[in-house]
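Pulled from TrEMBL:
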type     : residues : note
TRANSMEM : 38-57    : transmembrane segment
TRANSMEM : 63-84    : transmembrane segment
TRANSMEM : 116-134  : transmembrane segment
TRANSMEM : 140-157  : transmembrane segment
Amino acid sequence: MEGVGDGGASAAAALNQRRLELSKLFQYYLDKTTPHALYRWIGTVGLALLYALRVYYVQGFYVVTYGLGIYILNLLIGFLSPLVDPELEPSDGAMLPTKGSDEFKPFIRRLPEFKFWYAITKAFCVAFVMTFFSLFDVPVFWPILLCYWVVLFILTMRRQITHMIRYKYIPFNLGKQKYSGKRPSGSGSSTRE
């Protein structure tokens, strides 16, 4: 009788070991994509186009698409928001480093770019798989869902932009700022004729 129970336990342990190995392999390849942001986003746009073609082809799954849109809007708000909300934790001016080892960071996102990308990609994958099950194809009048989502997007973005203006932050890194040295005065310039 012990042989039967031991076989089940060893099979479960082998399955857990295999799951752990696959998880480590997935994480390895996910980590290798980290520095390649442009290619990651191109792949996600390709996946989104594939999803859009699938929805267009089957002429359904509008509720799934609406849910996906709401989820992406929620992720976008997290991506555009600072880690520490100035409304909740007001400070007396800019936060400057207090020690030599501190680093001044003017804007830290609540949702980092990599997690934002990963969540969107995962959401498109889940929504794409859902289009293969008729259970999720709820009949709705899709123009109403689209209008409601557009109104929700406009109101949410207006509130976010107002917040950005009030607390004077820009959530985009527009590249490293380049500073030039002092410009020479007008008398030091030479002209060639």
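Even glycines carry a Cβ here, placed using N, Cα and C.
TrEMBL labels come from automatic prediction, so no person has curated them.
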Candidates 38-57, 116-134, 140-157; stretch with most C-beta pairs under 8 Å toward the transmembrane segment (63-84): 116-134
So which residues does the transmembrane segment (140-157) touch in its own chain, when a touch means Cβ under 8 Å and the partner is 6 or more beyond its ends? 62-63, 65-66, 69-70, 73, 77
